[in-house]
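Per Swiss-Prot, Zn(2+) binding site is recorded for CYS109, HIS112, CYS180, and the stated evidence type is sequence analysis.
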Amino acid sequence: MSKISLDALNVRNALIEKGIETPMIDPTQAKDERRESIAKHMHEVMKLIGLDLRDDSLEETPNRLAKMFIDEIFSGMDYANFPKMTKIKNQMKVSEMVQVNDITLTSTCEHHFVTIDGKVCVAYYPKDWVIGLSKINRIVSFFAQRPQVQERLTEQLLTAFQTILETDDVAVYVKATHFCVKARGIRDTNSYTVTSAYGGVFLEDRDTRKEFLATVQK
């Protein structure tokens, strides 16, 4: 079993404490066993849909799906995959806003298991620590790689960054298209969903929040 880092444990505990952790159970089977079991079930699902799995285009699809679920699009359910964090002491006394815009978001709607596609913007005011800019992208990707609802994802990101950076002064903005709306049901291809979460100065000071939103809404 892979070791879970202290940062990952702290983030998970913070999410649980706030009641915003993804509803998950700890698997009792090894990954290989889970892949095998998922493939068998997907084989039956595809047969029930009416697909002929003897066709060479379809025969490996159950195995592909099993690998995709465990190793790729739902890999963020395993905190052993949480990005390795190297926190840097804020020796330069950086006090201005650090902001990363247009982070690619590709997640999966937990209601219909179809794609959520969008962008994430994250900002924070450093206190004692800063992190490499790419770590912000990696944390977004980690929480995207699990069945999600956008509202909870936004709150999870806020809490994760607050926990790692040891500051409340964090803002998260998410703009996404949901394929459960675009590809089924109403089939609206134009609409998108916006969610945001604020802590510390972003929550308390309107001008700071406006400064953040002025750049993400361009």
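The first residue you see is number 1, and the count goes up from there.
Glycine is no exception: its Cβ is also placed from the backbone N, Cα and C atoms.
Owing to the predicted nature of the structure, the values given are computational and were not obtained by experimental measurement.
Same-chain residues that are not part of CYS109, HIS112, CYS180 yet have a Cβ within 8 Å of the Cβ center of the Zn(2+) site turn out to be THR108, GLU110, HIS111, PHE113, VAL114, ILE116, HIS178, PHE179, VAL181, ARG184. For CYS109 (Zn(2+) binding site), the same-chain residues that are 6 or more apart in sequence and have a Cβ closer than 8 Å to its Cβ are THR115, ILE116, PRO147, GLN148, VAL149, HIS178, PHE179, CYS180. Within 10 Å of the C-beta atom of HIS112 (Zn(2+) binding site) sit 15 other C-beta atoms, taking all shown protein chains into account.
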